[in-house]
Ligand SMILES: Cc1ncc(COP(=O)(O)O)c(C=O)c1O
Ligand SMILES: Nc1c(O)cccc1C(=O)C[C@H](N)C(=O)O
């Protein structure tokens, strides 16, 4: 045994002892003996959610019945919860709506953004973007004849805009790469898009709740994000859509459902959009899930996201150090940028047997995920992750590899990896 692991123990102990956010872990229900490093895919259960859901089901639905649309604030929930999320992403009230999936909100955002630049040809997106974002960009382009998708990696965007900027309608990117955890400069990309006369659509799934975001200050045009990762709203939690105030009058939703009508209960013959962000509503929202998400968001009530970001950087920095000392000698490499200002809240390590290693870790109570073909993703959440847990996870992985205690060709146990 070298002295390095002792240094890691010492560092973990000091960082955790100095952690002002440590008490926030009590706001979550996590099973004993589990080190949960997959909150970047599904956030764990906030303690506030079960009583809130019980109240919604038994009192609001069970007793108050349909009167709850008014009396328990069901009708306004998409806008109210949208505003709560808005506070986490730097959006003033009245610009964010919650209720549909990220994919549906993204379809709305991309379609509406492209329609605001009717004389331009290109919808530019990241070839490494999450699949739904790539598929929907193609779907939107297929529905507007003059549009064509161009897949441009973030580092090549400036050069593309210099060449073809006057033909770019929309750029659609994510601040955090879902595979590598690389963090891109939202302000610079949005500004570059605007200089070219294009609009910027952002997918905040891997960023919201993990770091401060500044949608209004950076003059983002449209943004979407899910409710189930760092917002901890639960499986299938409703997502959200942000549309900057300045686009509200010209914004046309492609899915003209009755909830977005100016007079939703008037049964008018024709569609007439509601004023403001309400026009981005579609149909009856999933109230049980929305109100679970609302309860989950209370976790953030007195939390400073700058502190969350600082601790997240400390956690990822520490985990990278653990990986360098304990895992790199065994053939595992990080694909996440070493510069803390260039990474989000997860670390991706590369190994050809990523799936087998992920399963072996799970058997030891360390929950991570893998992304094909060879990335192990370790998500940290400053609200409940400790440095000690990361060191323990790295030591488990070291032992599993040293003892070859994993199946190199594991059977797939289900559709979800
Ligand atoms: C960047 C990103 N966008 C979108 C999604 C998913 O979209 P939806 O919530 O519609 O399943 C994910 C994860 O599933 C994601 O990581
Ligand atoms: N949305 C998911 C789901 O419904 C099942 C399993 C995983 C997910 C995810 O969120 C995956 C995630 N967006 C990713 O970063 O890969």
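The backbone N, Cα and C atoms fix where each Cβ goes, glycine too.
Annotations in TrEMBL come from automatic prediction, not curation.
Note on residue 132 (pyridoxal 5'-phosphate binding site): other Cβ atoms within 10 Å of its Cβ, all shown chains, come to 16. What TrEMBL records for 102, 103, 130, 131, 132, 133, 203, 206, 228, 258, 284 is pyridoxal 5'-phosphate binding site.
As annotated by TrEMBL, N6-(pyridoxal phosphate)lysine applies to 229. The secondary structure of residue 229 (N6-(pyridoxal phosphate)lysine), as reduced to three states from DSSP, is coil rather than helix or strand. Counting every protein chain shown, 28 other Cβ atoms lie within 10 Å of the Cβ of residue 229 (N6-(pyridoxal phosphate)lysine).
Among the recorded positions 102, 203, 228, 229, 284, the residues whose Cβ lies under 6 Å from any atom of ligand 1 are, in sequence order, 102, 203. Maximum intra-site Cα distance, pyridoxal 5'-phosphate binding residues 102, 103, 130, 131, 132, 133, 203, 206, 228, 258, 284: 31 Å.
Close to residue 102 (pyridoxal 5'-phosphate binding site) in the fold, though at least 6 residues off in sequence, lie 132, 203, 205, 224, 225, 226, 239, each with a CB less than 8 Å from its CB. Considering other CB atoms within 10 Å as the measure, the emptiest surroundings among the binding-site residues 130, 228 are those of 130. Cβ crowding, taken as the number of other Cβ atoms within 10 Å, peaks at 203 among the binding-site residues 203, 284. Cα spacing between residue 229 (N6-(pyridoxal phosphate)lysine) and residue 284 (pyridoxal 5'-phosphate binding site): 23 Å, rounded to the nearest whole number.
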